[in-house]
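Data block below; observations after.
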Amino acid sequence: MKVNPVDGSIDLPDHVDSSGVKPMSYEEEQLIRVFYEQKIQEVCTAFKFPHKIQATAIIYFKRFYLQWSVMEHQPKNIMLTCVYASCKVEENHVSAEELGKGIQQDHEIILNNEMVLLKSLDFDLIVYAPYRSIEGFIDDLEGFCRAGNGAFQRLEELHQMAISHADKMMLTDAPLLYTPGQLALAALHKCNDILKVFDFERYLETIFSRQHSNCTIEQFVQSINAINYLVDQLKMPSVKDMRHLDRKLRHCWDPSSRDEHKKKEKKSKHKSKRTSTDAQL
């Protein structure tokens with residue numbers, strides 16, 4: 001099976017009936033990717049990996065599916081391989097066997113997909129995430145708040161909330177479109193609107209006064225608003241959505257499974273109907 005890169009249609013071998021196969025739409029693929037990106041976060045949390053490994057794995061996953069469709073490579077397998085590769089790159093090595101055992105998956109799947117992943121990334125494995133930038137801005141804000149509005153004691157609360165907001169950002173396209181510094185300031189801006197820890201506009205002015213930038217404050221604020229808009233528009237798939245999408249995805253991989261699924265549904269309906277008749281008798 002091949003996916004046409006132009007219109008997303010599926011080219012099947014001659015011996016397979018393609019009349020009942022419908023390819024995934026862009027919106028459906030997006031929901032599947034978001035689901036597995038969230039699973040990366042859950043796996044990394046379960047293994048107590050640092051945020052940098054989690055962010056690296058998610059960016060690898062995003063970049064991989066810029067070139068491929070979920071109809072071509074099983075996203076669950078690629079997800080696990082991204083976590084494994086990010087552990088290597090960030091020098092927090094975990095063996096494939098240990099990772100597979102921890103999540104009850106065959107480690108051979110991870111190893112078999114490793115080279116596919118690395119080739120798709122063009123072996124460009126150094127990536128940057130907003131978490132370290134958030135820490136840097138929090139350290140800088142200590143001096144700003146001490147000299148300004150005296151909100152030093154609330155910075156830690158702002159820090160933790162900004163990290164949680166950055167986790168949501170990582171599920172959008174923002175990490176592919178904006179720099180870590182822009183993502184970090186967008187997270188701080190959003191959270192500061194809630195906590196009211198410091199004067200964000202005045203702090204932004206102090207940042208721009210310390211460096212020569214071609215970007216104006218107004219342009220930078222537009223970028224921040226665009227990032228937070230992406231987060232606000234983020235749609236998380238429900239359990240019902242994933243059941244439907246998973247079934248449709250399996251039909252794309254194996255069109256014959258559609259007929260098997262229909263047979264099971266028909267048999268199940270017939271069985272329930274017969275049970276109802278027996279109950280009446």
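Backbone N, Cα and C define each Cβ position, glycine as well.
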Of the residue ranges 1-21, 85-105, the one that TrEMBL records as region 'Disordered': 1-21
DSSP helix/strand/coil residue counts for the domain 'Cyclin-like' (38-119): 61 helix, 0 strand, 21 coil
